[in-house]
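Per Swiss-Prot, the features are:
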type	residues	note
BINDING	THR10, LYS42, LEU74, ARG88	substrate binding site
BINDING	THR10, PHE11, HIS18, GLY89, LEU90, ARG91, GLU99, LEU124, MET125, TYR126, ILE127, SER128, SER129, THR130	ATP binding site
SITE	HIS18	site 'Transition state stabilizer'
Amino acid sequence: MKQKAIYPGTFDPCTKWHIDIITRASTIFPELIVAVASNKNKAAYFIWESRNSLLEESVGHLTGVRGVGFDNLLNDFVLEQNAGIILRGLRAVSDFEYEFQLAGMNRKLSKKVETLFLTPAEHLMYISSTLVREIAALNGDISQFVPPNVVRELKKRQNERSL
């Protein structure tokens, strides 16, 4: 039986590695909710609504995929959405340790929720939202790392800051 999955993240901004995970997951799960977190512990570069709309624009063409913002405990959100799977992406060993710990905690919070991991395509494994923001801040070319709509929005933000 195929289940609905939740792919959570801050997506600040969404990158091509996020899009790769979402695209591949959309062929595995009949419904994939990309959950844009309002993480109060992180100072976001883009406001929540912008992150959500950039993501929606980037994956809107995929069947069975929709973006939803959330600001509560992930396990609670997963259960509210009648999903049973949290999908997480792993780029490197450094991601694994943190994600393994989260998966264990989520399992402890609810036996009804499982965590599954996908790795991105090899040529995307080094991309992170943080690195993209740093490159953009120094006027570097980020077009190979993020969708075109994100490039436009980051350039717009940089231009506003330089005024």
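These residue numbers are counts, starting from 1, taken along the chain as shown.
Cβ coordinates come from backbone N, Cα and C, glycine included.
Around the Cβ of THR10 (substrate binding site), 17 further Cβ atoms fall within 10 Å across all displayed protein chains. When secondary structure is read from DSSP and collapsed to three states, GLU99 (ATP binding site) falls in the helix class. Max Cα-Cα distance over the annotated substrate binders (THR10, LYS42, LEU74, ARG88) is 19 Å. Listed in sequence order, the binding-site residues from GLU99, MET125, SER129 having a Cα within 10 Å of the Cα of ARG88 (substrate binding site) are GLU99. The number of other Cβ atoms within 10 Å of the Cβ belonging to ARG88 (substrate binding site), over all protein chains shown, comes to 21. Here THR10 (substrate binding site) is positioned 15 angstrom away from GLU99 (ATP binding site), judged by their C-alpha atoms. Across the fold, the C-alpha of LYS42 (substrate binding site) and the C-alpha of ILE127 (ATP binding site) stand 19 Å from each other.
Cβ-based neighbour count (10 Å, all protein chains) for MET125 (ATP binding site) stands at 16. Geometry remark: LEU74 (substrate binding site) versus HIS18 (ATP binding site), CA distance 18 Å. LEU90 (ATP binding site) and THR10 (substrate binding site) have their C-alpha atoms 15 Å apart, to the nearest angstrom. Within its own chain, HIS18 (ATP binding site) has GLY9, PHE11, LEU55, GLY89 as residues 6 or more apart in sequence whose C-beta sits under 8 angstroms from its own.
Between the CA atoms of SER129 (ATP binding site) and THR10 (substrate binding site) there is a gap of 9 Å. Distance noted between the C-alpha atoms of THR10 (substrate binding site) and ILE127 (ATP binding site) is 15 Å.
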